[in-house]
Amino acid sequence: MGNFACIERGLTYCISAIAYIAFPIDLINVWIYLPTAISNDPALFLKNNNIPPWFPALKTALRSINFFCRQSGSETAMSASPNSTPTHLNENEEQGTLDFKLLNAVNDRYGGVIIEVTRPMNSALFASLLRASITRWRHQGKRGVWIKLPIQHVNLVEAAVEEGCWYHHAEPNYLMLVYWIPQGPHTLPANASHRVSIGAFVMNEKREVLVVQENIGRFRGTGVWKFPTGVVNEGEDLCAAAVREVKEETAVDTKFVQVLAFRYEICVFFAARKSQSHKVLFEKSDIFFLCLLEPLSSEIQKQESEIEAAKWMPFEEYAAQPFVQKHELFKCSVDIFLATKDENYSGFSPLPTSTAFSDEKNYMYFNTHDLNGQYGS
């Protein structure tokens with residue numbers, strides 16, 4: 001490093017120490033951010049870090065060091081040794097120095113930044129880096145800040161919350177926190193508010209339906225025979241989930257045919273409404289798809305952990321259960337099943353499709369029957 005660069009940093013740190021002794025400001029924040037502030041905007045740094053405006057000596061010193069080192073650096077650039085670092089940085093070099101002193105982040109598509117902490121650090125240091133980074137991003141006009149904290153860096157959660165961040169969502173191996181820089185209400189998207197589940201209607205050539213009795217959940221101990229149900233896993237196609245759930249609960253192999261209907265169950269907090277309301281798993285609304293599958297095997301082996309019993313039952317016997325007759329959802333499902341088997345009703349079949357944004361195939365579900373065979377049947 002050149003002589004004037006050494007002088008600049010030396011004086012900077014001396015002033016930092018004096019400021020810390022004289023005023024209640026964060027020494028770590030000053031130590032990390034002040035050298036960069038000299039080459040950017042000293043006045044902005046003073047303002048955003050609550051250094052008293054009536055401390056003219058510090059302001060004057062900062063401006064003097066900045067001016068002196070820039071002028072001297074320009075004059076001595078030609079005589080600097082080949083191994084020395086020039087004190088006058090171009091725009092790209094200056095930005096690189098700034099990024100080194102702030103939290104590493106990448107821009108998102110919506111005017112915000114995403115931070116993924118990958119290295120262990122002290123919580124006090126993290127808080128200071130976060131504070132300095134937010135100051136810089138505010139100056140740049142950034143909006144939302146997303147902070148992904150892997151589980152091994154859980155020690156940083158409290159520091160982030162104290163700086164104004166809040167929880168957005170959690171996964172098994174990380175916690176996502178967010179921060180909103182602009183004034184006013186934030187426009188960050190909410191965490192996932194729904195879960196997707198399926199019910200599998202499987203009927204063989206004898207007009208027998210595949211049914212189970214559960215030993216867990218709301219149907220435990222009721223004696224009700226129901227069709228296999230379950231939740232669609234992350235990254236799993238709807239049709240694949242239906243086939244998987246039947247296989248897991250009964251060991252019967254099946255082929256997905258179509259979606260017959262779907263139900264949207266809204267969840268609201270009991271505290272928000274005094275009236276009767278649904279409350280599903282972890283206060284998420286539920287989108288339930290009723291699916292038709294064709295059996296490819298018949299031998300049943302029940303899932304010991306969740307299923308009390310499983311069997312093939314005549315459809316009329318299933319439909320005659322008091323529970324099915326009492327509740328509109330199940331009674332309506334029976335009518336749909338009958339109409340489908342009599343070919344008076346057609347549901348939605350899956351068709352692999354690509355989009356303008358990706359060549360990867362995903363399923364679109366629609367009524368192919370009434371499109372004159374254009375997309376198959």
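First residue shown is number 1, and so on along the chain.
Backbone N, Cα and C define each Cβ position, glycine as well.
Taken from TrEMBL, the feature domain 'Nudix hydrolase' applies to 193-337. If you look up TrEMBL, you'll see 12-34 marked as transmembrane segment.
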Worksheet, complete the sentence: Its residues classified by DSSP, the domain 'Nudix hydrolase' (193-337) shows 36 helix, 52 strand, 57 coil
Fill in: Arithmetic mean of per-residue pLDDT over the domain 'Nudix hydrolase' (193-337)
87
